[in-house]
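The next block holds one structure in the form of structure tokens; read it before the comments.
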Amino acid sequence: MYKHSLTWLLGPLASTSLAISDFSSGSMLFLCMVVLYYFCFVRHRQTAIFVTLISILLFVRTEMVIMSNETMLTGGESVVTGTVVDGPLRDGSQADMTMRLSHGESLLVRISLEERTDVEKLQTLSPAAFCHVNGQLTSPHPSSNFYAFDYSHYLNTQGIHWILETSLRDLSCRTGSSWYPSDIIKKWRHAGIQKIQTAFNHELQGIAAALIFGERHLLDTTVEEAYQQLGLIHLLAVSGLHVGLISGSLYYLLLRCGVTKETAENILLIILPVYIILAGAAPSVVRAASMVMLYILLKKWKKHHYALDVLVFFALCLLFYSPYYLVHVGFQLSFIVSAALLLSGQVIQKTPRVLISLTITGIAQIAALPIILYHFYEFSLLSLVFNFFFIPFISFVVLPSVFILYFSFLLLPEVAEVLSIPLSLIVEHTHSLLLAAAQWKAFQLILGKPSIFISAGLAFSALWLFYRFDRYRYHKKAVLPGVLWMAVLGVQWIEPFFDKYGYVTFLDVGQGDSIVIELPFRQAVYVIDTGGAISYEQEAWEERKVPYNPGKSVVVPYLKAKGISTIDKLIITHGHVDHYGGVLAVADNIVVRQVMYGHGRAFSEEEQELLSNIHHQNIPIQFVKQGDGWKERSAVFHVLSPKGTEESGNHRSIVLKAAFGGVTWLFTGDLEKEGEHTLLETFPSLKADMIKIAHHGSSTSTTEPFISQVQPKMAFITAGRCNHFGHPHTETINTLQAHRIKTFRTDTQGAIKVTFDNHAPVHLEHKRSANDAPIDECK
Amino acid sequence: MLKASMSEDMHCCVWCLEKKSQAPSWQTIWPVSQDNYLCNTCAEKLVPVGITTCSYCSRPREKPGICYDCERIEKDPDWRGLLDHNVSLYRYNHAMQELIAQWKYRGDAALALIFQQNISQLYEKRYANYIPVPIPLSPQRLHERGFNQAEQLASWTQRPARCLSLLRLRQKQYLFPVTKALTRVLHEEKQSKKTRRERLAATRNPFAFTPAQEVSVNSKNIVLFDDIFTTGMTLRKAAKVLKEHGAKRVCSITLARG
């Protein structure tokens, strides 16, 4: 029946994905293919009936979970009581923890800390505490940008529908009142992580917490990103090799202590479930630890089963327990890669010794690629090489060392201090190597989010490649599927160059601007401004690990998802942080050919800092003024402002008039009344079909005479939700309404994308519709 | 029939009867993978004839061309042009000799299953519009053995109908039924007990034509099935009878090339 263990998984997988994606066309197609496959290849009637039954069971279960995943709260409650199940994890002046309410629903509690002393007070809070919380319920915002991480959906999959905003003073907790075993273990886990935070030095904290407790919260975000970009992130997840090493060494240790094999196995069977929760209960830990446990049990019962069958069994169990695992990246990667490696057992055995680890890494990479591309839009060519060196390094050097260090910190803190010095030196240097390598953009292939056909093509050609390789090895017969696989990747890569449509996207970067212009056939990509968050003076303890930067969390993901690896011109309209704040984050990830900046006599201090930073990245800066312009095929761009005599600030905004896609566009930056007046004087016949309203819709711009002259058909306002300035001002909206101009706003509609071909705009879409959560609840 | 009589999931190698280690691999999950009747050790004992063989008789050679024996026979006016060509699957090595002995003489009919996939693939690929004709046994021999091994091989050209073999419909219309167009009228000593000289000298043709019920051989192409090709005399004699009765081309598929 070996042949059927994967067959058993296919049907349930298809039915679960059908239910979870709410009958999307992709999952329908998948289901049809699976049914066809069953018709053609499953000959045993019993198997067919059995698979159908499991599939129906999982479908019903998924539907039930989705239907019961609804909130019982109305949003008006101000006092809730429940048990802390996770956290609190502090980031600057804010800490998040998860609470389980008495009726079973989960809740994210966001505690804002007001004073320095609150930080110590927070440490008394831990899982298993029973709390009364006074606060304000808010619903998490659904994502308002294309391809952006959907925080609200992410919380929903965890059964969380509300965020309770509160301060430490409005919390009253009784510690340790829950007697659920899992709550108590989570309490230990929390204490363990806090121990790491206090005892370990800065370099080791992050990696120690990740490797021991599966908690990446302490890890430097830039380091974590470097791991992810280089395809090494799986090393920071507690996974198969990891659990194997830990349970193997524990077993060996027990035997050396004189324990019998049988007792040692029993001890492992008790410890592993505890370890699952201690290590954060991510799908990879659950899978790995459960497989070790089942392996021991089967050995005890003298039964023989192939690891693959056990894997399939666990996948089905986990999906039944929580169908939302299906959309969990960790679940997908963990199961696909382990299945691929288990299936390659014979290939690996027959591989010459020197090539073994390279083959293993290669197989894992190829198997994981469709998923990596789907979630991260890019992969690193260095991944293979880095994995080759880093898998043994992390598994056999860092992992045992941090465990030894952790226990020595518990027993002999003085010795541990000394021991940690060499290790932290090694880790520090390897991390700086990783950070440097993640910056080598030549090796970072940004391919964009693959369509369902590309993903399927990649998966099928990889399957074929593995089959041929398994059967013929390095024979020429394995070449064809290899070439096909590369061809599919190639298609994904060149696809944008055959797209006859161009796009102008007004991203929702909060209060700020960021506009991405992609010309048809990817002839050029221009980005106007990158958004940016204004930072306030903060004390050291208040500072976030990584301050919010829309350049990084909105602009870069959008560009990567569209497969944009090069920006031809990055136009920074003027020197305010809500326009340039994300420049460096963008330049760190995407190749910028040229930066355009307004010509002026003197530059403010922050402008000088910005320009020198850009200069240090070896990006040429072109200072433009009225009369400058450029052409790209049929697209024409003219700089209308500044003249070069304005003062730095809004007045010196670059105003760009462009003609492409059959219409004329006016991008005005933060131009003020005076600037508009000058523009009208210089260009008395200025007209544009599409206009980006200046200065986020402030009443200090967009004057009546200006709009009367320009006569736009559509206007786009980029403003932050509920911003402090009250943008866009009612006067502006009224002016636009009086002229019957169709107006689109990023604060209410999220990102706005205009699709055009060479002759005319063909389509306009915005990320949020009016029926999404109400927005006009600004206080 | 043979297949159905075997246990559903075949855990044992049909040849050595040891338990097969069938760890999951990419080959086993491939939907149209080979039916694996042999364990890995046994599978390695069977050596394919290779790519460069004599284009007439499938004898392994270092370079493509025609072997000396075939050249000689093609000059002989008695034997010339009877058998158009022969394709063998494996070399007749020691292991193959043992396998054939176990199969034919000790009656282990299930061993024929090993070759099912290869033969049916070869037939469909190169002889799809040929009538499969097995080399017959004399009634006495058939009685001794209980089955005709050549008939078993020929039967692998007939694919079992699957529930949804839409993809194969196109090929199916060319498939001819196994046709017993020959009978053995002369009960003689086993070929394997004779020398080359004796084989060549035996001039009496042991085969006779029986007007087949299934299809007429007249101006049709025919593919003969037999287990071993040594000198090719048996097959040539059979081909002679068929050609006398109007067959257009006569080729042969044999398991082992002696």
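Quick reminder: no glycine exception, Cβ is built from N, Cα and C everywhere.
Annotation comment: TrEMBL describes A:232-255 (among others) as transmembrane segment.
The transmembrane segment annotation in TrEMBL covers A:267-286 (among others). Long-range neighbours of the transmembrane segment (A:267-286) within the same chain, counting only residues 6 or more positions beyond its ends whose Cβ lies under 8 Å from a Cβ of the stretch, are 182, 185-186, 188-189, 192, 212-215, 234, 237-240, 243, 246-247, 250-251, 254, 259, 292-293, 296-297, 314, 318, 325, 328, 330-331, 333-335.
Same-chain residues lying 6 or more positions outside the transmembrane segment (A:306-324) and placing a CB less than 8 Å from one of its CB atoms are 2, 5-6, 8-9, 12-13, 16, 19-20, 54, 57-58, 61-62, 65-66, 157-158, 283, 286-287, 290-291, 294-295, 298, 331, 335, 338-339, 342-343. The transmembrane segment annotation in TrEMBL covers A:306-324 (among others).
If one looks beyond the transmembrane segment (A:355-377) by at least 6 residues along the same chain, the residues whose Cβ comes under 8 Å of a Cβ in the stretch are 147, 228, 231, 329, 332-333, 336-337, 339-341, 344, 347-348, 383-384, 387-388, 391-392, 446-450, 455, 458-459, 462, 465-466, 485, 492, 557, 560-561, 563. Sequence annotations record features per position, and here TrEMBL assigns transmembrane segment to A:355-377 (among others).
Per TrEMBL, transmembrane segment is recorded for A:389-412 (among others).
Same-chain residues lying 6+ beyond the ends of the transmembrane segment (A:446-466) with a Cβ under 8 Å from its Cβ atoms: 26, 29, 147, 340, 343-344, 347, 363, 366-367, 369-370, 373-374, 377-379, 478, 481-482, 484-485, 487-489, 491-493, 495-496, 559-565, 590. Look at TrEMBL and you will find A:446-466 (among others) tagged as transmembrane segment.
Feature annotation from TrEMBL assigns transmembrane segment to A:478-494 (among others).
As a whole-number mean, the pLDDT of the domain 'Metallo-beta-lactamase' (A:511-721) in this prediction is 92. Per TrEMBL, domain 'Metallo-beta-lactamase' is recorded for A:511-721.
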Exercise. Other than its close neighbours in sequence, what residues sit by the transmembrane segment (A:389-412), given a CB gap under 8 Å and a spacing of at least six beyond its ends?
Worked result: 192, 195-196, 199-200, 204, 207-208, 211-212, 232, 235, 241-242, 245-246, 249, 357, 361, 419-420, 423, 426-427, 430
